[in-house]
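Beneath this line is the structure, given in C-alpha cells, with notes to follow.
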Amino acid sequence: MIVASISPDNVLPIPAPIGLLEVLIVITFLLHIIFVNFTISLTAGAVGLETFGIIKKNRKYDNMAKIASYHASIHKSIAVVLGVGPLLMISVIYTQYFYSSTILIGKAWLSVLILLIVAFLMLYVYKFTWERWQHKKGLHLFFGIGAMAILFFVPLIFIVNVVSMLYPEQWATANGFFHSLFHYPQIWQRYLHFMLASIATGGFYFFIFYSFKKRKHVLQEDEVSLKRNGAKVGFWVTVVQLVAGFLLLFSFKPEIRMLYMGEDLLLTTLLILSIMFTLILCALLYKASEQDSGKSFLLALATFVMILGIMGWMRHELRESYLQPYLEDNPRTEHTTQNNNK
Amino acid sequence: MNFPSIDFSWFGNGSVIALIAIIHVVISHGVAIGTIALMVTMEYRAHRTKNLALDALAKKIAKWVLIITTTMGAMTGVGIWFSTTVIQPDSIGALLRIFFWAWVAEWIVFITEVVLLILYYYTWDKWQDGRAKARHIKLGIVLAFASWMTMAIITGVLAAKLTPGLWVETHAFWNAFINPTYLPSLGFRMFLAILLAIALLSFFIRWRVKDVALRQEVFHVFGLWGAISLPAVFVLGLWYLWSIPTDAYDMIVWSTGMPENVFKTLNGIAFAILIIYLIWMIVKPKAVPWILSLIVMGSSVAFIGEFEVVRESIRKPFIIYDYMYANGLLEENREKYDEEGFLKHATWAKEREITEDNVVDAGREVFIGQCITCHTVDGWRSKRSLTNRMDGWTEDDMTSFIPTMHNVRVAMPPFMGTDEELEALAAYLSTEINGKRTNKKEVSQQ
C-alpha cells in the first residue's frame, strides 16, 4: 500500500498568488462561519425558548422564540451563499488534499445537499406557521426540532472533511464517513469547540442586535429579555469554551501543539492574545448581563471581532503546519505572471 | 486517477450529476431568473393600475421565490459543484483554475442577489405607499438584473466547456470566457428562462387563482413577455446551433436517445403547443384551459431536461473540448500512458503494477479510472450498463474492440494504456459479465 496517495497537482496554474488566496480564504471563511453560527444557535434558541414557554405556560418566551426563528431563517440563506467563497478558495489552493478527503466521504458529502434542503424547508415551515399553529404546538415544535437536529449533524460532515485532509497518511485505512468520525484525531474536540462557539455567538448576536436597536427605539419587554439573556448565554458558554479550547489544543500532534506553546513566536502570540481577548469579552458580557447598561457594547463588539479574526488566522496556520511536509514533497502548480503553464 | 473514486453502481455516476443539474436549471432559470422578471412586472403593473389584488399576488409569488431559491435553488447550485467534485474531480479542478475570477465574481453577484431578494420580500408591506412603492419596484428591477448577471457569468463557463475556442492554445481567461457560443447561449437561455417561468407560473395561477379578472391581468403580463421571448428563443436558438462544432452538432439527436423522426416530431409538437398557448393567453385570457397549462408546464420541464442532457452529451468524448476527456484524462497524456502505462501514473489506483495474481484487480482499477464516469457494470440505464452492452463478449472480443472504441463510438474517449492493461481490463470485465475469464489462452490452460 502506498503511504500517502498525494497526486501531482493539476497542471493548470493556481490562478493567483497563493499568499493572496490564503488571505482570502481566512476572510471568506470567517464571514461564512459566523452566519453558520447564527443559524445553528438561533434555531436551537428558538426551539429551546418555545419549549420553555410551553412548560412555563408563558407567552413571553414564545414571542422571544418567534423572533429567534425569524432571524435564523434569514441567516441560513446568507450562510449558504457565503459558503461558496471559502469552498472555492480551499478547492483551488489545496486541490491535492481537499478533493481526496471530499471524495473519501463522497456519499456523506452529497447527503449534505438533501439534509440542508430538508432542514431549511422545515425552518420555513417553523417560521411561517408560528401564529397559525399556536394550538398545534407539538406539530410546530416537531419542525423546529427536526431542523435543529439536522443543523447539529451537518457540521460533523464538514469537520471530518477538513480534518481528514490534514492526515493523508491515514486515508488508506479510512472507510467512509462514519468510520472516519473515530478514525481521525481532533474531530470531536473540533465539534465541541464549534458548537460552543455557535451557541455563544447566538447569545452575543442578540446582545449586539438589540444594543444597536436600543439606540433608536425603545425596546419592548421581550427584546430587553433577549438582549440580557443573550449576554448571559454568551458569557457562560464562553467560560466553558476556555476549557474546550484547551481540549482541542491537546488533540493536536505534539510537534504541532508545541508550536502554539512556545516554539513558534507567531502562533504562541496569537494563542495568548486570543485567550486575553476572550477574558476581556467575558468580563464585558458579565457586566452586560448583570445590568442593562450596554454602554460598552461597542467595545464588546470590537473584542469579539478580534477574537474571531485571531481564531480564523490560527485555524489557517494550523492547516499549514500540518500540511507543510506534504506541500514540500508535492509542489503545487503556482501562479505565474504570464498565462503559460508549461 | 489523481483522486479516489466513488461508485454509484446502480444509479450511475453520470446520472447523479445530471439529476442535480436538471433540478438546478429548472429552478435557476424558471424561478430565479424568469419568475423574478415576471413578478416585478406584475408589481409594476399593479402599481400603475392600482390593482391591490395583483400586488398581493405578486407578493405571494415573491414568498415562494424566496422559499424555493434559498433552499432547493441554492443547494442544488452548490450541489452541481459538490457532485462534480466527487465524480469528476479533474474536470472541476481544471475549470476552477481556469475560471477562478469568474467564479469569484459569480459569488459576489450571488450574495447580492440573495440579500436583495430577502430585502425585496421583507420590505413589501413596509414600502407600500407612493414613493416607497416606487423604490420597492426599483429594488425589484435591480434584483432581476442581479439574477440575470449570475446567468451571464456562469454561461461563460458552461459555454467554454463545449467551445473553449482560442483558450486551448492561449490558456488565457478572456479567450475562454468570451468563447464562440457565449453570446448565443446566453441569449437563448435568458429567453428560455422567461418561457419556462410562464409555463410554470401560469399553471399554478390557472389552478389556484379563482378571481377571473385577476387571472386575466396576470395572463396579460405573461402574454406580453411571451410574445417577446418566443421569437427570441427561436432565432437565438438557431444561432446557438449554428455556432457549435460540427461533431457536436451531429450528436444532438443521438444524445437524446430518440430516433430522429421521433425527436423532430416531439420537439415540433411541443413548440407548436407553446405557440398556441401563448396566443390563447393573449387573445382569450379568461378562458385558458387548465389541461393545456398542465401540458405546457410538463413539456417545458421536459424540454429543459432535454436541453441539459444534450448540452452535456454532445461534448463527449470531451469534458473540456479538445483538452480533457470525460473521464478526466488529458489528450496530451495519451502517448505517455500508452507507452509507460496508465496505472503507473494513477496515484489512487489500488494496483499500480500488473502481476500474474492481480490481473483482475488491476483491470478493475483501469475500469474505474477510464470508464466509470459514463458506464456502470450493471446499472439501471441499460445503454450504459456494460453487462448489457458486452453481453456474450469474450476477452478477445474486448481486447480487439476497446483500442478502436473511440472510432466506432465517437462518444467515447480513446483507451489509454499498455497492452497488459488492456488485457487486465478485459479480464476484469469478463469476470464481472461472464462470471469467468474467457481468454482462450487462460481457459485452455486450466
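For all residues, glycine too, the Cβ spot is worked out from N, Cα and C.
Those TrEMBL annotations? Automatic predictions, nothing curated.
Pulled from TrEMBL, these are the features on record:
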{"type": "TRANSMEM", "residues": "B:16-40", "note": "transmembrane segment"}
{"type": "TRANSMEM", "residues": "B:61-82", "note": "transmembrane segment"}
{"type": "TRANSMEM", "residues": "B:94-120", "note": "transmembrane segment"}
{"type": "TRANSMEM", "residues": "B:141-162", "note": "transmembrane segment"}
{"type": "TRANSMEM", "residues": "B:182-206", "note": "transmembrane segment"}
{"type": "TRANSMEM", "residues": "B:218-242", "note": "transmembrane segment"}
{"type": "TRANSMEM", "residues": "B:262-280", "note": "transmembrane segment"}
{"type": "TRANSMEM", "residues": "B:287-305", "note": "transmembrane segment"}
{"type": "DOMAIN", "residues": "B:358-433", "note": "domain 'Cytochrome c'"}
Report, as numbers and ranges, every residue of the chain located at least six residues beyond the transmembrane segment (B:262-280) whose Cβ falls under 8 Å of a Cβ in that stretch; write 'none' if there are none.
195, 198-199, 223, 226-227, 230, 253, 256, 287-289, 292-293, 295-296, 299-300, 302-303, 306
Same-chain residues near the transmembrane segment (B:218-242), Cβ under 8 Å, at least 6 residues beyond its ends:
37-38, 41-42, 45, 54, 57, 181, 184-185, 187-188, 191-192, 194-195, 198, 201-202, 205, 209, 249, 252, 274-275, 278, 281-282, 285, 288
Within-chain partners of the transmembrane segment (B:287-305) [C-beta distance under 8 Å, separation at least 6 from its ends]:
22, 25-26, 29-30, 192, 195-196, 199-200, 202-203, 206-207, 215, 219, 267, 270, 273-274, 276-277, 280-281
List the helix, strand and coil residue totals of the domain 'Cytochrome c' (B:358-433) as derived from DSSP.
48 helix, 2 strand, 26 coil
